[in-house]
Protein chains: 2
Amino acid sequence: MQQLEEKIRTEGQVLGDDVLKVDNFLNHQIDPELMYAMGQEFYRLFQSKKITKILTVESSGIAPAVMAGLIFKVPVVFARKHKSLTLKDNLYTATVYSFTKKVSNEISISKKFLDADDHVLIIDDFLANGQAVQGLMEIIDAANATLEGVGIVIEKTFQKGRQLLDEKGVQVESLARIKAFENGQVVFVDDK
Amino acid sequence: MQQLEEKIRTEGQVLGDDVLKVDNFLNHQIDPELMYAMGQEFYRLFQSKKITKILTVESSGIAPAVMAGLIFKVPVVFARKHKSLTLKDNLYTATVYSFTKKVSNEISISKKFLDADDHVLIIDDFLANGQAVQGLMEIIDAANATLEGVGIVIEKTFQKGRQLLDEKGVQVESLARIKAFENGQVVFVDDK
């Protein structure tokens with residue numbers, strides 16, 4: 001998605017070898033018009049699927065997910081993150097390890113918001129090692145719901161998340177695919 | 001806002017004397033079309049103000065704030081919640097006490113996303129005791145920005161938040177104003 005790649009090039013900040021900071025328009029400050037354009041793009045990519053629900057994880061997934069939900073005309077459910085959970089009644093839960101923050105969180109979704117009739121599109125801000133998406137997939141499995149696809153804002157193709165999802169036969173569509181960081185600059189897969 | 005009051009009446013859950021659970025459409029599962037309609041209503045209510053930025057708090061404030069941002073065509077910044085903050089460089093911070101959860105959190109916004117030229121609309125999901133809004137107001141003060149108004153999805157008029165903000169001369173507009181809970185039912189200010 002051209003508009004997004006331009007935004008990443010001009011406003012993204014490369015930190016170290018593998019971290020891209022996009023808190024100018026996605027992770028802290030949000031550009032709502034860009035989020036809407038991303039929602040339209042997710043709709044274009046997944047409109048052939050029968051989607052009944054969009055799943056994401058708080059907080060940075062909410063803005064792109066809710067714009068996609070507006071266009072798909074389906075509810076959005078965001079998984080909550082917890083340091084640890086003692087009471088798990090009525091919740092689907094999964095453990096998600098963050099390689100960036102080097103910490104495990106539990107994520108949860110109330111059982112009443114996901115069931116066997118649901119056809120789910122997962123939307124998330126980043127795909128790196130694929131831990132968050134895998135956590136959501138465990139929850140979808142536990143609910144006997146059907147995963148229809150995964151929509152990602154920014155994918156780092158050099159980390160293992162994409163491969164994990166490809167091996168499971170999941171349709172993954174990323175709006176920006178980063179091949180590498182070179183001298184503090186972002187190189188996209190479709191760069192010449 | 002008729003559509004919101006109907007939704008609260010049919011899908012809200014009154015718990016005990018003063019808690020309203022609306023995780024069917026706002027706090028966990030989100031109804032994106034309702035969020036968009038709320039964004040339009042916030043625009044109608046504050047369109048005479050020169051708004052340059054919308055501020056909210058993660059996570060439940062993000063959906064209504066980002067829809068309002070789409071219509072106002074301004075960036076949205078969500079304050080992050082932390083149990084405690086050790087490094088406060090480059091951050092505006094405030095301490096927010098939650099009466100519901102009986103816990104204090106620190107909220108923070110990067111200094112680069114708020115400055116003296118900003119005219120801010122605060123948007124949040126609930127106004128009860130007004131702690132979150134007051135925390136955001138401290139941050140706006142610290143940045144020497146101008147507060148133009150506060151837009152609330154659901155106000156509990158019988159708690160002290162509204163009075164605190166009225167005393168400070170802030171324009172507060174709430175899309176649903178709850179007067180009381182009676183026998184597990186919601187009574188709105190504009191009910192006969």
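Even glycines carry a Cβ here, placed using N, Cα and C.
Among the candidates B:K156, B:K160, B:K168, the residue that TrEMBL annotates alongside B:L20, B:N27 as binding xanthine is B:K156. Across the structure, B:G130 (5-phospho-alpha-D-ribose 1-diphosphate binding site) and B:L20 (xanthine binding site) place their CA atoms 16 angstrom apart.
According to DSSP, B:N27 (xanthine binding site) sits in a coil region rather than a helix or strand. Counting residues of the domain 'Phosphoribosyltransferase' (B:44-154) by DSSP class, helix then strand then coil, yields 29 helix, 46 strand, 36 coil. Across the fold, the C-alpha of B:A132 (5-phospho-alpha-D-ribose 1-diphosphate binding site) and the C-alpha of B:N27 (xanthine binding site) stand 16 Å from each other.
Residue density at B:G130 (5-phospho-alpha-D-ribose 1-diphosphate binding site): 24 other Cβ atoms are found within 10 A of its Cβ, drawing on all protein chains shown. In this entry, B:L20, B:N27, B:K156 make up the residues listed for xanthine, with the farthest two CA atoms of the set 16 Å from each other.
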